[in-house]
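Here is what TrEMBL says about this protein:
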ACT_SITE  Asp193  active site
ACT_SITE  His242  active site
ACT_SITE  Cys363  active site, amidino-cysteine intermediate
Amino acid sequence: MSKIDPACIVNSHTEWDPLEEVIVGRVDDATIPEWHVSGKAVWPAKHWGMYKEHAGESFPRELVMKASEELDNFSQVLEMEGVTVRRPEVRPGDFDRPVSTPDFESVSQLYAAMPRDVLITIGNEIIEAPMAWRSRFFEYRPFRSLIKDYFRQGGGWTAAPKPEMSDDLYVPEDKWQEGAGKFVTTEYEPVFDAAEFTRMGRDIFVQRSQVTNDFGIEWMRRHLGDEYQIHVLDFEDKNAMHIDGTFIPLGPGKVLVNPKRPCITGNHKSFFTYQGETKEYALPDMFKGWDIFVAESPVLPESHPLYFTSPWTASCNVLLLDEKRVVCEASEEPTIRKFKEWGFDVIKVPFRHFLPFGGSFHCATCDVRRTGTLQSYF
Ligand code: DAV
(Lines of atoms letter the chains of each structure in order from A and count residues from 1; the text may use other names and numbers.)
(Lines give C-alpha, C1' and ligand atoms only; values in the text may rest on other atoms or scores of the structure.)
Protein backbone atom coordinates (compact mmCIF):
# COMPACT_ATOMS: atom_id res chain seq x y z
CA MET A 1 0.00 0.00 0.00
CA SER A 2 1.29 3.41 -0.92
CA LYS A 3 1.85 5.97 1.85
CA ILE A 4 1.06 8.71 -0.61
CA ASP A 5 -1.84 11.03 0.16
CA PRO A 6 -3.45 12.51 -2.99
CA ALA A 7 -5.00 15.28 -0.86
CA CYS A 8 -1.61 16.58 0.33
CA ILE A 9 -0.74 20.17 -0.67
CA VAL A 10 2.33 18.70 -2.39
CA ASN A 11 1.32 15.88 -4.76
CA SER A 12 2.68 15.24 -8.23
CA HIS A 13 3.54 11.96 -9.93
CA THR A 14 3.80 12.65 -13.64
CA GLU A 15 4.52 15.40 -16.16
CA TRP A 16 0.92 15.24 -17.45
CA ASP A 17 -1.64 14.91 -14.64
CA PRO A 18 -3.89 18.01 -14.32
CA LEU A 19 -1.75 20.84 -12.95
CA GLU A 20 -3.22 22.56 -9.89
CA GLU A 21 -0.32 24.48 -8.37
CA VAL A 22 3.10 25.40 -9.71
CA ILE A 23 6.15 27.49 -8.87
CA VAL A 24 7.21 29.86 -11.67
CA GLY A 25 10.79 31.20 -11.47
CA ARG A 26 12.09 34.77 -11.38
CA VAL A 27 14.90 35.93 -13.64
CA ASP A 28 15.47 39.24 -11.80
CA ASP A 29 19.12 39.92 -10.90
CA ALA A 30 20.36 36.99 -13.06
CA THR A 31 24.16 37.17 -12.84
CA ILE A 32 26.82 35.81 -15.21
CA PRO A 33 28.55 32.83 -13.58
CA GLU A 34 32.29 32.49 -13.60
CA TRP A 35 34.19 30.49 -16.17
CA HIS A 36 34.61 26.90 -15.04
CA VAL A 37 35.20 23.55 -16.69
CA SER A 38 31.72 22.38 -15.61
CA GLY A 39 30.26 25.19 -17.71
CA LYS A 40 32.66 24.67 -20.59
CA ALA A 41 31.21 21.14 -20.93
CA VAL A 42 27.75 22.50 -21.77
CA TRP A 43 27.81 26.21 -22.64
CA PRO A 44 27.76 27.12 -26.33
CA ALA A 45 31.33 28.08 -27.34
CA LYS A 46 30.28 31.40 -28.83
CA HIS A 47 29.50 32.71 -25.34
CA TRP A 48 32.66 31.52 -23.58
CA GLY A 49 34.17 35.00 -23.84
CA MET A 50 31.26 36.43 -21.87
CA TYR A 51 31.87 34.04 -18.97
CA LYS A 52 35.60 34.69 -19.02
CA GLU A 53 35.31 38.48 -19.10
CA HIS A 54 32.02 39.41 -17.44
CA ALA A 55 31.50 36.95 -14.57
CA GLY A 56 29.72 38.55 -11.64
CA GLU A 57 28.01 41.17 -13.84
CA SER A 58 24.34 41.25 -14.75
CA PHE A 59 23.19 39.51 -17.92
CA PRO A 60 22.14 42.20 -20.43
CA ARG A 61 19.61 44.19 -18.40
CA GLU A 62 17.13 44.83 -21.17
CA LEU A 63 16.95 41.09 -21.88
CA VAL A 64 16.46 40.32 -18.18
CA MET A 65 13.64 42.87 -18.07
CA LYS A 66 11.87 41.44 -21.11
CA ALA A 67 12.34 37.88 -19.85
CA SER A 68 10.88 38.93 -16.52
CA GLU A 69 7.82 40.38 -18.30
CA GLU A 70 7.42 37.12 -20.20
CA LEU A 71 7.49 35.18 -16.92
CA ASP A 72 4.82 37.47 -15.45
CA ASN A 73 2.65 37.00 -18.53
CA PHE A 74 3.19 33.22 -18.48
CA SER A 75 2.13 33.21 -14.81
CA GLN A 76 -1.04 35.12 -15.68
CA VAL A 77 -1.87 32.68 -18.48
CA LEU A 78 -1.47 29.78 -16.05
CA GLU A 79 -3.75 31.50 -13.53
CA MET A 80 -6.34 32.02 -16.28
CA GLU A 81 -6.13 28.30 -16.99
CA GLY A 82 -7.02 27.66 -13.35
CA VAL A 83 -3.53 26.94 -11.99
CA THR A 84 -2.34 28.46 -8.69
CA VAL A 85 1.03 30.15 -9.26
CA ARG A 86 3.62 30.83 -6.56
CA ARG A 87 6.87 32.71 -7.13
CA PRO A 88 10.26 32.59 -5.38
CA GLU A 89 11.60 35.53 -3.42
CA VAL A 90 14.66 37.29 -4.86
CA ARG A 91 16.36 39.64 -2.39
CA PRO A 92 19.05 42.21 -3.11
CA GLY A 93 22.51 40.61 -3.05
CA ASP A 94 21.26 37.06 -3.58
CA PHE A 95 23.34 36.57 -6.72
CA ASP A 96 25.69 39.47 -7.47
CA ARG A 97 28.24 39.06 -4.71
CA PRO A 98 31.03 36.56 -4.07
CA VAL A 99 30.38 33.54 -1.89
CA SER A 100 32.80 31.17 -0.27
CA THR A 101 32.56 27.88 1.58
CA PRO A 102 35.44 25.89 3.09
CA ASP A 103 35.78 24.13 -0.29
CA PHE A 104 35.34 26.75 -3.00
CA GLU A 105 34.86 30.41 -3.86
CA SER A 106 32.57 31.74 -6.55
CA VAL A 107 32.31 35.36 -7.74
CA SER A 108 28.53 35.16 -7.89
CA GLN A 109 25.45 32.97 -7.86
CA LEU A 110 23.23 32.55 -10.88
CA TYR A 111 19.47 33.17 -10.52
CA ALA A 112 16.11 31.79 -9.39
CA ALA A 113 14.78 31.43 -12.94
CA MET A 114 14.62 27.65 -13.22
CA PRO A 115 12.81 25.96 -10.34
CA ARG A 116 12.81 22.71 -12.37
CA ASP A 117 16.59 22.49 -12.06
CA VAL A 118 16.78 22.83 -8.30
CA LEU A 119 13.52 21.26 -7.07
CA ILE A 120 11.66 18.08 -7.91
CA THR A 121 8.34 16.98 -6.52
CA ILE A 122 7.98 13.24 -6.20
CA GLY A 123 4.70 12.20 -4.63
CA ASN A 124 4.16 14.30 -1.49
CA GLU A 125 7.78 15.42 -1.22
CA ILE A 126 9.79 18.33 -2.60
CA ILE A 127 13.45 17.40 -2.97
CA GLU A 128 16.18 20.06 -3.22
CA ALA A 129 18.81 18.90 -5.71
CA PRO A 130 22.56 18.80 -4.97
CA MET A 131 23.48 20.78 -8.10
CA ALA A 132 26.90 20.48 -9.70
CA TRP A 133 27.77 24.11 -10.47
CA ARG A 134 29.37 26.30 -7.83
CA SER A 135 27.28 29.19 -9.12
CA ARG A 136 24.16 27.26 -8.12
CA PHE A 137 25.15 26.13 -4.62
CA PHE A 138 22.73 28.53 -2.91
CA GLU A 139 19.95 28.34 -5.48
CA TYR A 140 17.54 26.74 -2.98
CA ARG A 141 17.46 29.98 -0.93
CA PRO A 142 14.94 32.00 -2.98
CA PHE A 143 12.58 29.00 -2.80
CA ARG A 144 12.87 28.32 0.91
CA SER A 145 9.97 30.52 2.05
CA LEU A 146 7.68 28.62 -0.32
CA ILE A 147 9.02 25.22 0.71
CA LYS A 148 8.65 26.07 4.40
CA ASP A 149 5.08 27.12 3.74
CA TYR A 150 4.30 23.85 1.96
CA PHE A 151 5.96 21.93 4.79
CA ARG A 152 3.78 23.71 7.34
CA GLN A 153 0.74 22.64 5.34
CA GLY A 154 1.80 18.98 5.39
CA GLY A 155 4.14 18.69 2.38
CA GLY A 156 7.32 16.62 2.58
CA TRP A 157 10.71 18.34 2.32
CA THR A 158 14.14 16.83 1.80
CA ALA A 159 17.43 18.47 0.89
CA ALA A 160 19.75 15.96 -0.76
CA PRO A 161 23.29 15.98 0.71
CA LYS A 162 24.94 19.31 -0.13
CA PRO A 163 27.99 18.69 -2.31
CA GLU A 164 31.38 20.07 -1.28
CA MET A 165 32.23 20.98 -4.88
CA SER A 166 35.94 20.99 -4.24
CA ASP A 167 38.21 20.42 -7.26
CA ASP A 168 37.82 16.66 -6.71
CA LEU A 169 34.33 16.81 -8.21
CA TYR A 170 35.56 17.97 -11.65
CA VAL A 171 37.88 16.75 -14.38
CA PRO A 172 40.59 19.46 -14.54
CA GLU A 173 40.23 21.82 -17.50
CA ASP A 174 43.54 20.76 -19.08
CA LYS A 175 42.39 17.11 -19.02
CA TRP A 176 38.80 17.70 -20.08
CA GLN A 177 37.83 16.47 -23.55
CA GLU A 178 34.41 16.80 -25.09
CA GLY A 179 32.66 13.72 -26.49
CA ALA A 180 29.50 11.64 -26.13
CA GLY A 181 29.72 9.63 -22.90
CA LYS A 182 32.53 11.81 -21.52
CA PHE A 183 31.62 13.62 -18.33
CA VAL A 184 33.20 16.56 -16.59
CA THR A 185 31.86 15.57 -13.17
CA THR A 186 33.61 12.76 -11.27
CA GLU A 187 32.07 10.33 -8.77
CA TYR A 188 33.59 12.15 -5.79
CA GLU A 189 30.16 12.76 -4.21
CA PRO A 190 26.51 12.66 -5.31
CA VAL A 191 25.37 15.47 -7.61
CA PHE A 192 22.30 15.92 -9.76
CA ASP A 193 20.10 18.62 -11.19
CA ALA A 194 16.41 17.98 -10.56
CA ALA A 195 15.62 18.48 -14.27
CA GLU A 196 17.63 15.36 -15.05
CA PHE A 197 14.73 13.24 -13.82
CA THR A 198 11.40 12.89 -15.58
CA ARG A 199 8.43 11.29 -13.91
CA MET A 200 5.94 8.72 -15.19
CA GLY A 201 4.38 7.49 -11.93
CA ARG A 202 6.30 4.59 -10.44
CA ASP A 203 8.84 4.78 -13.26
CA ILE A 204 11.30 7.66 -13.25
CA PHE A 205 13.80 8.25 -16.06
CA VAL A 206 17.18 9.94 -15.78
CA GLN A 207 20.42 10.33 -17.72
CA ARG A 208 24.03 10.49 -16.52
CA SER A 209 25.08 13.96 -17.67
CA GLN A 210 27.57 16.77 -17.21
CA VAL A 211 25.75 17.78 -14.01
CA THR A 212 24.36 14.44 -12.79
CA ASN A 213 26.63 11.56 -11.78
CA ASP A 214 25.97 7.89 -11.04
CA PHE A 215 26.43 8.61 -7.33
CA GLY A 216 23.62 11.17 -7.50
CA ILE A 217 21.34 8.75 -9.36
CA GLU A 218 22.07 6.08 -6.74
CA TRP A 219 21.25 8.53 -3.94
CA MET A 220 17.86 9.18 -5.54
CA ARG A 221 17.25 5.46 -6.09
CA ARG A 222 17.85 4.63 -2.44
CA HIS A 223 16.03 7.67 -1.19
CA LEU A 224 12.86 6.81 -3.13
CA GLY A 225 12.98 3.12 -2.22
CA ASP A 226 10.95 0.20 -3.50
CA GLU A 227 7.89 2.09 -4.66
CA TYR A 228 9.80 3.56 -7.59
CA GLN A 229 11.97 2.25 -10.39
CA ILE A 230 14.69 4.54 -11.66
CA HIS A 231 15.72 3.86 -15.25
CA VAL A 232 18.91 5.33 -16.68
CA LEU A 233 18.60 6.27 -20.35
CA ASP A 234 21.55 7.02 -22.58
CA PHE A 235 21.39 9.49 -25.48
CA GLU A 236 23.80 10.50 -28.21
CA ASP A 237 24.62 13.88 -26.71
CA LYS A 238 28.02 15.27 -25.91
CA ASN A 239 26.69 18.20 -23.88
CA ALA A 240 24.10 16.19 -21.96
CA MET A 241 22.41 18.31 -19.31
CA HIS A 242 18.78 17.90 -18.21
CA ILE A 243 16.53 15.34 -19.80
CA ASP A 244 13.72 17.85 -20.47
CA GLY A 245 15.18 19.08 -23.78
CA THR A 246 15.72 15.49 -24.96
CA PHE A 247 13.01 13.09 -23.78
CA ILE A 248 9.66 14.53 -22.70
CA PRO A 249 6.69 12.43 -21.49
CA LEU A 250 3.39 13.70 -22.93
CA GLY A 251 0.92 11.27 -21.34
CA PRO A 252 0.39 7.56 -20.76
CA GLY A 253 1.85 5.84 -23.83
CA LYS A 254 3.21 9.07 -25.36
CA VAL A 255 6.63 10.63 -25.39
CA LEU A 256 8.20 13.54 -27.28
CA VAL A 257 11.77 12.96 -28.45
CA ASN A 258 14.54 15.20 -29.73
CA PRO A 259 15.68 13.84 -33.12
CA LYS A 260 19.12 15.37 -32.68
CA ARG A 261 19.79 13.22 -29.60
CA PRO A 262 18.64 9.66 -30.27
CA CYS A 263 18.22 7.31 -27.34
CA ILE A 264 20.71 4.44 -27.49
CA THR A 265 19.57 2.42 -24.50
CA GLY A 266 17.51 -0.64 -25.45
CA ASN A 267 16.14 -3.03 -28.04
CA HIS A 268 12.81 -1.39 -28.81
CA LYS A 269 13.69 0.45 -32.00
CA SER A 270 11.75 3.01 -33.97
CA PHE A 271 12.92 4.87 -37.04
CA PHE A 272 12.32 8.35 -38.39
CA THR A 273 13.80 10.73 -40.90
CA TYR A 274 15.65 13.81 -39.70
CA GLN A 275 17.31 16.18 -42.16
CA GLY A 276 17.08 13.56 -44.91
CA GLU A 277 18.72 10.83 -42.82
CA THR A 278 17.08 7.76 -41.34
CA LYS A 279 17.64 7.72 -37.59
CA GLU A 280 17.19 4.90 -35.13
CA TYR A 281 15.67 5.54 -31.71
CA ALA A 282 16.36 2.67 -29.32
CA LEU A 283 14.36 2.59 -26.09
CA PRO A 284 14.06 -0.13 -23.46
CA ASP A 285 11.46 -2.83 -24.26
CA MET A 286 9.05 -1.37 -21.72
CA PHE A 287 8.18 1.31 -24.35
CA LYS A 288 6.70 -1.25 -26.79
CA GLY A 289 3.38 0.08 -28.03
CA TRP A 290 4.14 3.67 -27.00
CA ASP A 291 3.77 6.56 -29.46
CA ILE A 292 7.12 8.22 -30.12
CA PHE A 293 6.44 11.81 -31.25
CA VAL A 294 9.43 13.41 -32.94
CA ALA A 295 9.94 17.08 -32.06
CA GLU A 296 10.02 19.68 -34.83
CA SER A 297 13.24 21.62 -35.37
CA PRO A 298 13.15 24.98 -33.60
CA VAL A 299 12.73 28.09 -35.76
CA LEU A 300 14.64 30.44 -33.47
CA PRO A 301 17.09 32.48 -35.58
CA GLU A 302 20.78 31.48 -35.36
CA SER A 303 21.59 34.95 -34.04
CA HIS A 304 19.33 34.58 -30.98
CA PRO A 305 21.55 34.51 -27.88
CA LEU A 306 21.38 31.23 -25.95
CA TYR A 307 23.86 31.37 -23.09
CA PHE A 308 23.33 27.89 -21.69
CA THR A 309 21.58 25.53 -24.07
CA SER A 310 20.90 24.36 -27.57
CA PRO A 311 17.94 25.92 -29.45
CA TRP A 312 15.91 22.71 -28.94
CA THR A 313 14.49 24.00 -25.68
CA ALA A 314 12.34 26.30 -27.87
CA SER A 315 10.46 23.34 -29.36
CA CYS A 316 10.90 20.54 -26.79
CA ASN A 317 10.72 22.14 -23.36
CA VAL A 318 6.93 22.34 -23.19
CA LEU A 319 4.68 22.32 -20.13
CA LEU A 320 1.58 20.12 -19.98
CA LEU A 321 -1.37 21.43 -17.99
CA ASP A 322 -3.03 18.03 -18.41
CA GLU A 323 -3.09 15.28 -21.05
CA LYS A 324 -4.65 17.67 -23.55
CA ARG A 325 -3.38 21.22 -22.91
CA VAL A 326 0.22 22.07 -23.72
CA VAL A 327 2.04 25.41 -23.42
CA CYS A 328 4.22 26.09 -26.50
CA GLU A 329 6.43 29.05 -27.43
CA ALA A 330 4.30 31.43 -29.51
CA SER A 331 6.70 31.78 -32.48
CA GLU A 332 7.39 28.05 -32.86
CA GLU A 333 4.82 27.54 -35.64
CA PRO A 334 5.98 24.07 -36.81
CA THR A 335 5.87 22.79 -33.21
CA ILE A 336 2.43 24.29 -32.65
CA ARG A 337 1.12 22.68 -35.87
CA LYS A 338 2.51 19.28 -34.85
CA PHE A 339 0.99 19.38 -31.37
CA LYS A 340 -2.38 20.21 -32.92
CA GLU A 341 -2.01 17.28 -35.35
CA TRP A 342 -1.23 15.03 -32.39
CA GLY A 343 -4.54 16.12 -30.81
CA PHE A 344 -3.37 18.64 -28.22
CA ASP A 345 -4.92 22.00 -27.38
CA VAL A 346 -2.03 24.44 -27.72
CA ILE A 347 -1.68 27.46 -25.45
CA LYS A 348 0.73 29.85 -27.18
CA VAL A 349 2.86 31.98 -24.88
CA PRO A 350 5.72 34.29 -26.01
CA PHE A 351 8.95 33.28 -24.31
CA ARG A 352 11.79 34.17 -26.70
CA HIS A 353 13.49 36.56 -24.31
CA PHE A 354 13.49 34.00 -21.55
CA LEU A 355 15.07 31.22 -23.64
CA PRO A 356 18.60 32.73 -23.47
CA PHE A 357 18.69 31.94 -19.75
CA GLY A 358 18.68 28.21 -20.32
CA GLY A 359 15.21 26.80 -20.76
CA SER A 360 11.58 27.25 -21.56
CA PHE A 361 8.25 26.53 -19.85
CA HIS A 362 9.17 23.22 -18.28
CA CYS A 363 12.46 24.55 -16.89
CA ALA A 364 10.86 27.75 -15.60
CA THR A 365 8.38 25.85 -13.44
CA CYS A 366 8.21 23.19 -10.76
CA ASP A 367 5.05 21.20 -10.11
CA VAL A 368 3.71 21.45 -6.59
CA ARG A 369 0.43 19.66 -7.17
CA ARG A 370 -1.17 17.73 -10.01
CA THR A 371 -4.45 15.87 -9.46
CA GLY A 372 -3.66 12.18 -9.39
CA THR A 373 -2.35 9.12 -7.64
CA LEU A 374 0.80 7.04 -7.91
CA GLN A 375 0.36 4.59 -10.77
CA SER A 376 2.29 2.36 -13.09
CA TYR A 377 2.04 3.16 -16.81
CA PHE A 378 4.05 0.19 -18.07
O1 DAV B 1 20.35 22.17 -24.59
O2 DAV B 1 18.51 21.12 -24.74
C3 DAV B 1 18.02 21.74 -22.05
C4 DAV B 1 18.09 21.98 -20.60
C5 DAV B 1 16.84 22.43 -20.07
N6 DAV B 1 16.78 22.46 -18.62
C7 DAV B 1 19.41 21.60 -24.08
C8 DAV B 1 19.37 21.47 -22.59
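Backbone N, Cα and C atoms are what each Cβ position is placed from, and that goes for glycine too.
Automatic, uncurated: that is what TrEMBL annotation is.
Keep in mind the model is a prediction, meaning the values are calculated, not measured.
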Review point. When you measure from each Cβ to the nearest atom of ligand 1, which of the active-site residues Asp193, His242, Cys363 fall under 6 angstroms?
Key: His242, Cys363
Study note, to complete from the structure: Between the C-alpha atoms of Asp193 (active site) and His242 (active site), the distance in angstrom, to the nearest integer, is 7
Review point. Measuring Cα to Cα, how many angstrom lie between Cys363 (active site, amidino-cysteine intermediate) and His242 (active site)?
Key: 9
Point to revise | Asp193, His242, Cys363 as active-site residues, winner by CB count within 10 A | key: His242
